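Undergrad: Sharing the features that Swiss-Prot gives for it:
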BINDING   G82, N113  anthranilate 1 binding site
BINDING   G82, 85-86, T90, 92-95, 110-118, G122  5-phospho-alpha-D-ribose 1-diphosphate binding site
BINDING   S94, E233  Mg(2+) 1 binding site
BINDING   R168  anthranilate 2 binding site
BINDING   D232, E233  Mg(2+) 2 binding site
Amino acid sequence: MISEVLDDIIDKNRNLTVDEAYECMDDLVSGNYPNVVVSSFLTALRMKGETIDEITGLTRSMKNHAVQIDYKPEDYLIETCGTGGDTFKTFNVSTVASIIASAGGAKISKHGNRSVSSKFGGADALEALGVNIELSPEKVINSIDKCNFAFIFAPIYHVATKNVMMIRKQLKTRTVFNLLGPISCPTNVNARLTGIYDPELLETIAKVAMNLGVECGMIVHGFDENGNPAMDEISNIGKTKVAFIDNGDITVKYITPEDFGLSFSKPEDIVAPETPQEHIQIIYNILNNVTTTSQDRARLDLCLMNSASILYLTKKVDSLEEGVIYSRKLIEDGSAKKQLEKIIKYSNE
């Protein structure tokens, strides 16, 4: 299919149908095309601008080629992740938020790889904490059932795209795979909290997510204190643009820390630390409710906002503000800290 459509994409800016995009991904993972053709296809799509149908078709094929995890949630199974590629580097916010929210009953399938834009990614952090990130499908299901959380290490499950990943690294520029990774989780997620590096793409990814079976979700991009695009997650230093998904409807609006019952923080208080050891200490401080400095409080607030969003999307609370109150309680009574211990235990069974 790639050989049939490549000229039209380049010469005519032609958009692909869902089926054509699906077949193109089949071609990409087949290994039958020279690297230069694959590079040309990915670059041509990037220059044209990837459409909802194209991202949908590519993702469906990518998920079909992945190692399957046959987990059928009774209510909501949420994926929490971001694209990376943002400009403002924070600590492992989604990782900590997932630990807290799973302690509150949210079932979470966290799908990811090692660091993309951060200095120390979610997979790196979980591994350093003692979590086994290389789980088989059976162990993923067991971990979700036992402690509401499992990490799905992308390279194990998306083996078919290995050759394409090598080409991506050689290109050293964004491709459609920066968007496919966070939305191609092999579990049957029906809820989603996903950070995107470009605020202009939120509605596009929200529509793709609905095409993939997501019933409720928040596709987000956080801004800095000056209103500049900054981070692929909810922000507590500025406003956050959100595409809310609610059973077939999409609503795009801006939210602020005040919607969570919190105040704005200073950028310097949430910026990523320099070393892995500092990242891990931040996680421990949050789970132990350390609030000594302004940095401690700002980092805690950021995690509370993200945890609150997960709890809200999975219907464990009725509002974002209630989600913050519940998340704070889970930390203060030790539930979140015990949850990390459970995640470590069941991931290593």
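Yeah, the Cβs are placed from backbone N, Cα and C, and that goes for glycine too.
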Undergrad: How many Å lie between the Cα of R114 (5-phospho-alpha-D-ribose 1-diphosphate binding site) and the Cα of G82 (anthranilate 1 binding site)?
TA: 12
Undergrad: With a 10 Å radius around each C-beta, find which of these binding-site residues (T90, S94, N113) has the fewest other C-beta atoms nearby.
TA: N113
Undergrad: On a C-alpha basis, identify the one among T90, H111, R168 that is nearest to G82 (anthranilate 1 binding site); the candidates are the binding-site residues.
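TA: Its closest listed neighbour, by Cα, is H111.
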Undergrad: Near E233 (Mg(2+) 1 binding site), how many other Cβ atoms are within 10 Å of its Cβ?
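TA: Its Cβ has 27 other Cβ atoms within 10 Å.
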Undergrad: How would DSSP class G82 (anthranilate 1 binding site) in three states?
TA: strand
Undergrad: Express the distance between the Cα positions of R168 (anthranilate 2 binding site) and T90 (5-phospho-alpha-D-ribose 1-diphosphate binding site) as a whole number of Å.
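TA: One finds 24 Å between the Cα atoms of these residues.
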Undergrad: Which of the binding-site residues N113, D232, E233 has its Cα closest in space to the Cα of S94 (5-phospho-alpha-D-ribose 1-diphosphate binding site)?
TA: E233
Undergrad: Which of the listed binding-site residues (H111, R114, R168) has the least company, meaning the fewest other Cβ atoms within 10 Å of its Cβ?
TA: R114
Undergrad: Round to the nearest Å and give the CA-to-CA distance linking T90 (5-phospho-alpha-D-ribose 1-diphosphate binding site) with E233 (Mg(2+) 1 binding site).
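TA: So the Cα of E233 (Mg(2+) 1 binding site) lies 9 Å away from that of T90 (5-phospho-alpha-D-ribose 1-diphosphate binding site).
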